[in-house]
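Notes for the one structure printed next.
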Amino acid sequence: MTEPLTREPASRKPILQVRNLVKHFPLTRGILFKKEIGAVKAVDGISFDLYAGETLGIVGESGCGKSTVAKLLMNLEQATSGEVFYKGEDITRLSGRALKAVRRNIQMVFQDPYTSLNPRMTVGDIIGEPFDIHPEVAPKGDRRARVRELLDVVGLNPEYINRYPHQFSGGQRQRIGIARGLALNPEIIICDEPVSALDVSVQAQVVNLMEKLQDEFGLSYVFIAHDLSIVRHISDRVGVMYLGRMAEIGTDTEIYEHPTHPYTQALLSAVPVPDPQARERRERIILTGDVPSPANPPSGCRFRTRCWKAEERCAQETPLLAVPSVFAGSDSPAAHESACHFAAEKDVVGSASVDAA
Amino acid sequence: MPETTDSQSSATAVADAPAVAAAAPGLRKEGEKARSLRSDAWHDLSRKPMFYISGLLILFLIVISIWPGLIASGNPLSCDLAKSQMGPTSGHPFGFDTQGCDVYTRTVYGARASVSVGIFSTLGVAVLGSLLGGLAGFFGGWWDAVLSRISDIFFGIPILLGGVVFLSVVKGGTVTTVSVFMVLLGWPQIARIARGAVITAKQQDYVQAARALGASNTRMLLRHIAPNALAPIIVVATIALGTYISLEATLSFLGVGLKPPAVSWGIDISQASSQIRNAPHMLLWPAGALSLTVLAFIMLGDAVRDALDPKLR
Amino acid sequence: MTVTDERTGAAAPVSTTPLLEVRDLHVEFHTRDGVARAVNGVDYSVNAGETLAVLGESGSGKSVTAQTIMGILDMPPGRITQGEILFHGQDMLTMSAEQRRKIRGRKIAMIFQDALSSLNPVLSVGYQLGEMFRVHQGMSRKQARAKSIELMDRVRIPAAKERIGDYPHQFSGGMRQRIMIAMALALEPELIIADEPTTALDVTVQAQVMDLLAELQREYNMGLILITHDLGVVADVADKIAVMYAGRIVETSPVHDIYARPAHPYTKGLLRSIPRLDQKGQELYAIKGLPPNLTRIPGGCAFHPRCPMAQDVCATDVPLLHPVGAERGSACHFWKETIGD
């Protein structure tokens with residue numbers, strides 16, 4: 001953080017490229033001699049780019065695989081297949097020293113501020129641990145001062161350095177987690193639901209902090225969440241995941257105002273809007289049924305079992321994530337990548353409910 | 001890192017500060033300082049009368065097993081057959097046993113065998129069990145599978161039968177042989193607890209966070225997992241200590257544990273049991289001492305469990 | 001206390017008696033760090049067919065109030081120090097345990113956030129549903145089974161007949177929450193208390209469950225107390241709303257007014273902190289500071305350390321719930337200024 005990072009968000013250079021990423025968790029039977037009887041297809045072929053200085057939001061419901069994507073990007077899980085290129089190098093195959101070096105540049109903020117901090121360590125030890133692991137980042141005598149600096153950067157009193165995590169509230173703990181993520185001066189931070197465990201009044205504080213840090217240090221975020229309004233606020237681009245696949249990806253305006261995938265449309269219409277006036281006005285798509293099990297996903301399009309547009313073709317043919325042919329060449333905001341055979345616009349959000357309140 | 005001259009940053013800092021400052025004064029004064037979980041546990045323990053009662057008892061037992069001469073001036077092995085089964089007399093408040101030995105002296109000296117078998121067995125079991133179980137939990141895979149099966153086999157051995165067989169094959173009848181036997185049969189209990197505790201700790205986000213930072217296995221185990229997996233092991237080990245003491249007495253009673261000339265409550269109880277009608281005092285004192293000791297350790301275990309149980313925290 | 005008694009006497013006409021009325025309820029917990037004052041004088045009421053949303057963050061006392069109404073508060077460490085809970089005008093806190101037991105489940109039912117831990121994992125769903133009828137209505141096994149299937153149909157669980165023997169873990173989160181609703185509805189209660197019923201569910205499933213709950217409520221003309229932290233859910237279903245902060249009600253209002261013109265700075269702050277489209281790229285409005293620790297609630301107005309409008313008086317005087325127009329109240333010394341700008 002000593003060198004000023006003034007990367008332009010507009011410089012369209014991917015810093016992270018994800019290609020056909022797959023993670024299957026084998027289901028086994030037997031005690032000593034394990035036999036594979038199937039697999040949970042948590043992530044099943046995901047591709048996207050993250051550009052320097054931008055925030056890519058990833059939304060989806062539980063079980064869609066978004067948290068697994070975070071773990072794969074962090075190399076906390078071994079990918080079954082596919083690649084993650086960081087500055088042109090595939091990091092899924094790295095180990096040992098090379099992996100450790102990459103980890104300096106890609107860090108993570110966890111969802112649960114209560115379990116992501118070791119209860120037996122002081123705040124100073126937690127934020128200072130990155131320097132113990134990567135001693136080259138900060139000389140030994142300097143570390144305490146660096147930790148205090150980091151506490152100040154995330155808006156905590158540096159005097160708290162000797163306290164234990166349980167002496168802090170959820171929002172403060174999340175700031176501690178963010179400070180730990182910042183310690184190594186990374187370029188990318190993967191945020192796995194960083195505010196969903198926090199109280200409403202504290203969420204906004206943490207979102208503001210993350211935006212401020214992004215500007216200050218030129219960070220790129222992958223921001224995984226299920227709260228669509230917060231994702232919209234913070235993201236430059238948004239990807240919508242369903243059952244291990246990417247359903248639709250585009251800029252925030254493209255996704256929120258011109259969604260072409262039926263799942264995105266249903267998801268947006270289901271979000272409760274904090275405006276009682278909208279109760280009567282808005283048209284909601286109430287999906288039937290639940291998300292199918294990722295151990296036994298439907299053939300073809302994953303969403304077809306809950307989709308009102310589904311036809312025979314959807315069961316036979318897996319729709320690819322691409323700009324739909326109907327919009328090809330058009331410069332309308334609907335012309336963005338959407339994995340649907342029958343992609344079409346449907347104004348579900350409506351201007352009224354979006355800028356409600 | 002650039003100085004945070006940014007107004008927003010200092011605003012947030014200020015915003016948080018009063019709330020915390022306001023939160024702190026209500027805590028007891030030491031709350032101003034850092035409170036570790038260990039001091040929290042101590043805080044809990046220090047308010048339990050059960051902890052003090054059992055703690056004092058155990059302290060007393062440890063002291064007299066190291067220096068029995070402090071309260072018993074006689075020699076437990078100097079016996080006078082002429083005094084066989086005599087009741088209490090002056091200077092010999094508990095009377096004499098069949099051999100004419102002073103029951104008081106023997107009861108005091110018997111503590112050493114019980115306490116040392118208890119402590120050595122527990123230490124051995126805790127070290128071996130948490131090492132094997134902890135590594136199995138951390139690394140998983142075939143090592144875990146093999147270890148789990150082996151511990152299942154050991155669990156299947158009836159402890160008394162095992163004791164009779166093992167100790168009659170391995171002749172000795174010393175504190176060491178009895179302790180070794182207990183460790184051999186006792187480790188799977190701690191191994192299971194340790195394995196479970198390590199697996200739970202391993203899945204915590206803070207361990208993932210350490211991995212994401214590039215921490216080595218050793219670091220994750222020692223710095224993050226072990227401190228958090230220790231509590232249940234300590235609890236189970238403390239409670240197990242009491243059971244090892246009573247097991248030693250049982251084995252000695254059956255004649256396969258400690259053997260004369262060792263002095264043990266089990267041996268004394270065994271010798272007294274046939275004479276219960278003629279000289280009940282011979283049985284009463286060693287049996288009472290044994291019960292009290294076991295009770296003290298179980299009470300301590302209970303208190304420690306209440307203080308360390310993470311579910312109550 | 002005498003004042004309260006007089007009020008009870010005055011509320012004699014049956015027609016105006018609300019279904020449930022909570023009056024000046026105080027609940028505290030004895031913890032190792034001192035006495036946590038979870039509920040500090042809560043008043044609210046709900047009528048048949050009405051939905052009252054109780055909105056608050058964690059630690060606001062919204063769930064503790066509900067548990068006290070249900071009589072499922074753990075005592076100790078909890079302790080009710082003051083107040084009345086009137087069901088059809090009768091104080092439940094002074095009833096015998098037997099009387100309360102008869103109301104609980106039969107007249108007032110509760111739906112919890114976590115359906116998986118609220119259902120017994122070793123009993124089949126059909127057994128647990130049927131148990132309600134067998135125990136409370138003395139039905140035979142066969143009758144109870146038929147009733148259970150009917151109920152599962154009501155909450156739109158597909159293939160109810162085949163699934164009645166299944167165990168809770170065999171159902172998805174949304175289906176389990178439906179089963180919870182079915183159990184709550186089994187005895188056709190007059191009041192349902194739903195504590196964050198959809199928080200653990202996905203957005204698309206959340207909408208299904210909320211719709212179902214609202215529909216059944218209309219059909220049975222039940223009172224519904226919906227406890228939530230989600231301003232969106234409230235706007236979708238509530239008739240009136242009570243906002244809680246640090247164990248007190250800070251604002252109460254019909255649902256339409258509160259979103260348009262909040263009368264308490266806390267409510268206002270919550271509404272403003274929701275990300276809006278025109279704020280994209282800007283800083284979000286954030287209420288400063290943190291919710292208070294319940295063992296050390298600030299004096300005066302509990303919100304004053306976080307309040308942008310706080311004056312000296314706020315640190316010393318506890319604001320009463322000032323009437324703000326029809327059926328509205330705000331516990332703020334400066335409610336006029338709050339609602340005005």
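Yeah, the Cβs are placed from backbone N, Cα and C, and that goes for glycine too.
According to TrEMBL, the domain 'ABC transmembrane type-1' annotation covers B:111-301.
The feature transmembrane segment is assigned by TrEMBL to B:50-71 (among others).
Per TrEMBL, the feature transmembrane segment maps to B:115-139 (among others).
According to TrEMBL, the transmembrane segment annotation covers B:159-185 (among others).
Sequence annotations record features per position, and here TrEMBL assigns transmembrane segment to B:229-247 (among others). Among residues of the same chain six or more beyond the transmembrane segment (B:229-247), those with a C-beta under 8 A of the stretch's C-beta atoms are 114-115, 117-119, 121-122, 125-126, 129-130, 134, 159, 163, 182, 186, 189-190, 193-194, 196-198, 200-201, 290, 293-298, 300-302, 304-305, 308-310.
Positions annotated as transmembrane segment by TrEMBL: B:283-304 (among others).
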Would you kindly check B:115-139, B:159-185, B:283-304 and say which stretch has the most C-beta pairs under 8 angstroms to the transmembrane segment (B:50-71)? B:283-304
So which residues does the transmembrane segment (B:283-304) touch in its own chain, when a touch means Cβ under 8 Å and the partner is 6 or more beyond its ends? 45, 48, 50-51, 53-55, 57-58, 61, 94, 103-104, 106-107, 110-111, 114-115, 118, 234-235, 238-243, 245-246, 249, 265-266, 268-269, 272-273, 275-276
Contacting positions for the transmembrane segment (B:159-185) when only residues 6+ beyond its ends and CB under 8 Å are counted: 113, 116-117, 120-121, 124-125, 128, 244, 247-248, 250-251, 254, 256-259, 262
